[in-house]
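S.K.: Input: one structure, supplied below.
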């Protein structure tokens, strides 16, 4: 094991990507490229529409931040994934580059987890305390929540990344993935104990379990409030203001929970790559579609922007 250890100055990782699908490389490249460009266009459109709107309610403010996070996450992951499809034997990434990519990915994913909590709190105040909504969800509070989401994701990601890259890595530095994901890098660690998994477990609790419990609590309160509403029209309107957020929450937490809350022994490279493919390519594409189709406010803002153009 001592002979297999490497230093950060000389170590390089090889991202194998989809090297086992050589015959489909060209097709996969163009599919990923089209999905990537459509995702960028959709999120940029929502971002520009919200920024150009003079009066931005909290929901649109948080949606704008969500679009920025998805844009950054796509730019962190997809270019290296496309490169791994062009290079037959996989693409290399330095020790520092791999650590930076992991840190940025976990930071953005963590910020999104916390942001979904802030959005659920916004829905809770709007439905359960409508008379106090304007006073509670002030511009200052929204800005503080946005900053707290980013700082929280950054802090947890930094601790996790440092813990992972302090481990000794075996001589085989082939990462059977298209980016430096935490389980894929942990799989290379030269250790048989469960100790290296503890930082990932702690990060999963902070970024997935606790935020999900807070979102669940807010929706239990919302459901209790809707049961007291006698008007079916009012109940339906309140429900449709939550359905977009609920759809994104289930999509985000479902994929993230499957990838990160499980023991190292159950790691399967092929299965993980497919789930990560959905998580990093398909869900960012669906987010603008879900919000633009389900949310009348964002549809109105986008139409207003297109009329100005």
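Glycine residues also receive a Cβ, built from the backbone N, Cα and C atoms like all the rest.
TrEMBL: automatically predicted annotations, no manual curation.
Per TrEMBL, the features are:
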TRANSMEM  26-52  transmembrane segment
DOMAIN    42-291  domain 'G-protein coupled receptors family 1 profile'
TRANSMEM  59-82  transmembrane segment
TRANSMEM  102-121  transmembrane segment
TRANSMEM  141-165  transmembrane segment
TRANSMEM  201-227  transmembrane segment
TRANSMEM  239-262  transmembrane segment
TRANSMEM  274-293  transmembrane segment
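Set these features in their place in the structure for me.
M.R.: Long-range contacts of the transmembrane segment (239-262) within its own chain (CB-CB distance under 8 A, at least 6 residues past either end) are made by residues 66, 109, 112-113, 116, 119-120, 123, 126-127, 181-183, 200-201, 203-204, 207-209, 212, 215, 219, 222, 226, 272, 275-276, 278-279, 283, 286-287, 290-291, 294-295.
Same-chain neighbours of the transmembrane segment (274-293): 32, 35-36, 38-39, 42-43, 45-46, 63, 66-67, 70, 73-74, 77-78, 81, 177-179, 181, 244, 247-248, 251-252, 255-256, 258-259, 299, 302, counting only residues six or more beyond its ends whose CB sits under 8 Å from a CB of the stretch.
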S.K.: For the domain 'G-protein coupled receptors family 1 profile' (42-291), report the average pLDDT of the model, please.
M.R.: 84
S.K.: For the transmembrane segment (201-227), could you work out the same-chain residues 6 or more beyond its ends whose Cβ comes under 8 Å from its Cβ atoms?
M.R.: 106, 109-110, 113-114, 116-117, 120-121, 123-124, 127-128, 153, 156-157, 159-160, 235, 238-239, 242, 246, 249, 253, 256-257, 260-261
